[in-house]
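Report on one structure; see the data block that follows.
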Amino acid sequence: MTPALAAGLQVAFVLAVLAVAYVPVGDYMARVYESRRHLRFESVLYRLCRINPHTEQTWYGYAGSVLGFSTASVLFLYALQRIQGVLPLSGDLSGVSPAVAFNTAVSFVTNTNWQSYAPETTMSNLTQPVGLAVQNFVSAAVGMAVAVALIRGFVRVSRGGEIGNFWVDLTRGSLRILLPFSFVIALILLSQGVIQSFHPGFASTGLDGNSVTNALAPVASQEAIKELGTNGGGILAANSAHPFENPTPVSNIVEILAILLIPVSLTRTFGTMVGDPHDRASEVSGHRQGLTLLAVMGILWGSLLAVTLAAESGRRGVAATAAGAMMEGKEVRFGIPGTALFAVSTTGTSTGAVNSAHDSLSPLGGGAVLLNMLLGEIAPGGVGTGLYGILVLALIAVFVGGLLVGRTPEYLGKKLRQREITLAALSVLVMPALVLIGTGITVILSSTTGYQGNSGDPGSPGSIHGFSEVLYAFASASNNNGSAFGGLTVTSDWFQTALGLCMLFGRFLPIIFVLALAGSLASQKKTAAGAGTLPTAGPMFTGLLTGTVVLVAALTFFPALALGPIAEALQ
């Protein structure tokens, strides 16, 4: 079988499964968030936590709950890491250092899962499931809750601007969606040989004749939510390149499907919730809105996948010519198709899991996965974050389109006034500011040069790739992705602190702006579409929104990309 045919079959299979799951999964999630019925165990949980599930929150109440819950999560996870040495299942591991504990706590609570440590030798078999795996569930549920709150802003007409109850949305997202789906995925992964054990490890003899200690852990259960919740942090240092996490081509496809399932299906959830089920025309219109967003995601995802496949299938250099492709840093069991498909999916979402060494990608392939993040991770984006990210860009596209043709800027019957556009613009500007400022300061500081695996005189190949590594790190942290170019050493206090702050601001500033936007929209009355209303469903708006996404990224990041991946590719 040729590589091109293998790539085509894998992509076709992934798209076919997602197409089959799109309607039932999307509609199920809409029912979960729209249901007025609380399950018995949910009611018990609300009573224990003294939560009134029938209370609606304004945007600032909702945002306060998000920030309060996330702050408590950071403190708990930080404390758990610091004292893990005196807790059960720690083996001979001691407590985690303050800088690493801070960075890791922030990383997992923000759904980034950036890992500046070796999991096997740092985190115990208690810290992994009780601390990190729990955050894999709830951090994903937070993103989904914010997306649903924004959808309610378009749907509701409320004088007070109520957008739901965060605690109810968090509970339902965790227990009704993420937990059962993860259970099924974990069973499938177990059938493929993914390990599940609390044993500390076993010794074996390596190929060089020396004794090697092989770490064991409850991998399958954490691997499932790692991918489904677009978290990405591996329980083993090699992440999904490790045979204990991702042993077969089948498990590789399962993990890719888990990464894409919820972000893709949330566009159906959006379409279902904004349509009126009692009005056939409104229901169809809502679904067309969702399909339009999905089309934009698909165009961007497919384009970058094609670029990555072409770049990695090339034969640049002696080694690539001998191997038949750019196989450095890749697993033979996945090949170029499985590697490229995984890389584009993990950077197009906020997952950040890897089944190859991204630092070993070709300049064009590495640039493609970097661009995937710099687009704002909306192709198709993380669980929740991708949907509210592309909706914010849709508002900007409507505003720009209205200015171009003199039409009224409206979206789903809600007027886009100065307040709405300001909030949308602020949300979009957070990530570029963090990436460019963080990268600029880092490359200027002389103290950080020694941490770059690639360096040299200005303009040399080493310095160009070293710049790409720094740019990738801050793009990953600010977008809550978590993947990295491994040539950059990020264990210093500067990187631990700077990247930790980028993760915090990159996660919660957009959330605050999006929730404020939801509250502002919810307080408006709906207006009927007229002759001057720009259509927001169909091919024309798909092109406008795609162009807006690309234009925003190009204007913002082209100079930085020209200094890094583009310059490297032209050498």
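In case you wondered, yes, glycine gets a Cβ from its N, Cα and C as well.
Marked as transmembrane segment by Swiss-Prot: 5-25 (among others). Note on the transmembrane segment (5-25): residues 253, 256-257, 260-262, 264-265, 268, 305, 309, 335-338, 340-341 of its chain, located 6 or more positions outside it, place their CB under 8 angstroms from a CB of the stretch.
What Swiss-Prot records for 60-80 (among others) is transmembrane segment. Within the chain carrying the transmembrane segment (60-80), a Cβ under 8 angstroms from the stretch's Cβ atoms is held by residues 87, 101-102, 104-106, 108-110, 127, 130-132, 135, 138-139, 142, 145-146, 149, 163-167, 170, 508, 511-512, 515-516, 518-519, all 6 or more beyond its ends.
Look at Swiss-Prot and you will find 86-106 (among others) tagged as transmembrane segment. Only residues 6 or more beyond the boundaries of the transmembrane segment (86-106), in the same chain, are considered here, and those with a CB under 8 A from a CB of the stretch are 73-75, 77-78, 80, 112, 114-117, 121-127, 132, 198, 200, 491, 493, 496-497, 499-500, 503-504.
The transmembrane segment annotation in Swiss-Prot covers 131-151 (among others), and the record cites sequence analysis as its basis. Tertiary neighbourhood of the transmembrane segment (131-151): same-chain residues 29, 33, 59, 62, 66, 69-70, 73, 76-77, 80-81, 104, 108-111, 113, 123, 163-164, 166, 169-170, 173-174, 177-179, 182, 221-222, 225-226, 228-231, 233, 235, 262, 266, 269-270, 273-274, 350, 382-385, 387-388, 391, 511, 514-515, 517-518, 521, selected by CB-CB distance under 8 Å and a gap of 6+ residues from either end.
According to Swiss-Prot, the feature transmembrane segment maps to 177-197 (among others), an assignment based on sequence analysis. Beyond its flanks by at least six residues, the transmembrane segment (177-197) meets 28-29, 32, 137, 140-141, 144, 216-221, 223-225, 227-229, 243-248, 250-251, 254-255, 258, 261-262 of its own chain at Cβ-Cβ distances under 8 Å.
For the transmembrane segment (247-267), same-chain residues at least 6 beyond its ends with a Cβ under 8 Å from one of its own Cβ atoms are 10, 13-14, 17-18, 21-22, 25-26, 29, 144, 147, 177, 181, 185, 188-189, 192-194, 223-224, 227-230, 240, 290-291, 293-294, 297, 333-334, 338, 341-342, 345-346, 349, 351, 353, 355, 380-384, 386-387. What Swiss-Prot records for 247-267 (among others) is transmembrane segment, and it gives sequence analysis as the kind of evidence.
What Swiss-Prot lists as transmembrane segment is 291-311 (among others).
Under the heading transmembrane segment, Swiss-Prot lists 334-354 (among others).
Listed by sequence, the residues of this chain that lie at least six past the ends of the transmembrane segment (386-406) yet keep a Cβ under 8 A from its Cβ atoms are 146-147, 150, 263, 266-267, 270, 293, 296-297, 349-350, 376-380, 416, 420-421, 424-425, 427-428, 510, 514, 517, 532, 534, 536, 541, 544-545, 547-549, 552. Here Swiss-Prot flags 386-406 (among others) as transmembrane segment, drawing on sequence analysis.
Per Swiss-Prot, the feature transmembrane segment maps to 425-445 (among others); the stated evidence is sequence analysis.
As annotated by Swiss-Prot, transmembrane segment applies to 498-518 (among others).
Swiss-Prot lists 547-567 (among others) with the feature transmembrane segment.
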For the transmembrane segment (425-445), sequence-distant contacts whose Cβ falls under 8 Å of one of its Cβ atoms, 6 or more beyond its ends: 374, 376, 392-393, 396, 467, 470-471, 474-475, 477-479, 494-495, 498-499, 502, 505-506, 509-510, 513-514, 517, 552, 556-557, 560
